[in-house]
Amino acid sequence: MSYKQFIQELEDDILPSEAERRYQEYKSEYISTQKRAYFDAHKNEEWLKDKYHPTNLLAVIERRNELARKFAKDFLLDLQSGTLDLGPGVNAASSMKSVQTSDLTSDDEADVAGKRRRHGRGAAKETDLSAAPKAHPVSSEPRRIQIDIEQAQALVRKLDSEKGIEDNMLCRADNERSNKDKSHGGSTGPVIIVRGLTSVKGLEGIELLDTLITYLWRIHGLDYYGLIETSEAKGLRHVRVDGKHSDASINGADWERKLESRWQERLKGQDPLEVMTAKEKIDATAVEALDPYVRKIRDEKYGWKYGCGAKSCTKLFHAAEFVHKHLKLKHPELVMELTSKVREDIYFQNYMSDEAAPGGTPIMQPSLPAELRKERSEEHRIIVLVIIFTDIVTSLQKEKLEKRRPGSDTRLKDDRGGRRERENRSNGSERFERSENPHSMDFQANNDGSVGGNTDESMFDTFGGQGMHVTSFPSEMAPPPVLMPVPGAGPLGPFVPAPPEVAMQMLRDQGGPSPFEGGGRSGRAGPSPIIALPPSFRQDPRRLRSYQDLDAPDDEVT
């Protein structure tokens, strides 16, 4: 839920700070639960193991270091030839790597360098810097540029050493040139001398900083201004905003403090992937688990010896630490088996601790449009009012029934009706006429003055000129309630009691209740409810013959 949806579930008198704290707890627990479910569903897939499993990460780190050495060589080659594209993208300008420059003559080398340079200028023009995310405007200040050059150069040395990259010209500075410039009032920053195939160039200032942060992004996946380090760089890195900006001082000190803290911590720390392998923890677990496999043996000639306890191994050593080393080198399957549980725990912890892990983005509940929320609120208000109105009517009907008990005439009427029904069944021709024209029997006149005449049993009412059969109810019995489907429901409900004016309109449209609706047994508290459906859900117009058991107990529920 969003924060707005969440606070609707809380009590009204809660403080805003307490509501915010509860929402953060709820959101954190929700994300953790969602990530656990995602991990359980995908933990056996190789792509997820390559990102977080300590065993797979060893091979991943080796491949990454090998690619980094290759990309660094190509980067420096483009830098020497003058074709380096300093755009914010991951991929540099396409260089002619298929040509082996070591096999070319000096003239061929000059020709290749010219092609590289022309291609590099075209690629630089095509780079869309406006699409890249922007760093804080304070990053363009000369004071900040000199600080970033030194810090970026230190990061290049640190990350190159972790990946085994050697002889990087960006790690060296021409100190003699720098001291000379200082004495003559020139540039005070470091200068990198780049000796190309046909020229020598010095990198300093903004050009040197752009070269360093481009190298960090493409070789090491480190976005300097974005404060991000990834194992696989994607998209565009952060870039400086050129020119002076009036808002450079807004939060500039806080941004600089975060930048310094982030990269100073990285300079003092370890490779993030190396940390995820948890070698020290796994080694400590292996030492403890391998202790039972170190056998201490008494030798009459050489004294105490230590033997390997692995299956079918008879090796002897002078000390226990040599047995541990032997087990790790010669019996790795045993070590993997003994440390499998701790490896799986580290696998799960690596995944859960990564805030950008797949499956960690919470799935938000959709918020209803304002019009739909208003419509549903109005429907809910109408239903509540209908239910309250029905409760009031029902309570009044019960009070009226308690004051007026049904008399003996109801039983006589039922007896007469039952006897007449049996006579009708015994007459085959009359039953045939009833089945062919049921309305002819229902509407027979009973005004001949006989004992059986009762004008209350059936009646005609012309609502708007239409004849409609209306079931009669004894004077002591309240009329049955009319049920209507809830807005949006189908013919199976759910139903709610309809207001009187709605009920009358629906009965007019429907043509009266069915013969099996509204017919309750005499002596009951009230007749069965009438379900009045809209015209789209109108029932079968054919009349059905019902059966009423007069001897059934009163507490039976039909």
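Using the three backbone atoms N, Cα and C, a Cβ is placed for every residue, glycine included.
The following features are taken from TrEMBL:
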{"type": "COMPBIAS", "residues": "93-104", "note": "compositional bias 'Polar residues'"}
{"type": "REGION", "residues": "93-143", "note": "region 'Disordered'"}
{"type": "DOMAIN", "residues": "308-331", "note": "domain 'C2H2-type'"}
{"type": "REGION", "residues": "399-458", "note": "region 'Disordered'"}
{"type": "COMPBIAS", "residues": "399-439", "note": "compositional bias 'Basic and acidic residues'"}
{"type": "COMPBIAS", "residues": "443-457", "note": "compositional bias 'Polar residues'"}
{"type": "REGION", "residues": "506-558", "note": "region 'Disordered'"}
{"type": "COMPBIAS", "residues": "539-548", "note": "compositional bias 'Basic and acidic residues'"}
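Long-range contacts of the domain 'C2H2-type' (308-331) within the same chain: residues 286-287, 290, 292-295, 297, 299, each at least 6 residues beyond the stretch ends and with a Cβ under 8 Å from a Cβ of the stretch. When pLDDT values are averaged over the domain 'C2H2-type' (308-331), the model yields 83. DSSP assignment over the domain 'C2H2-type' (308-331) gives 11 helix, 3 strand, 10 coil.
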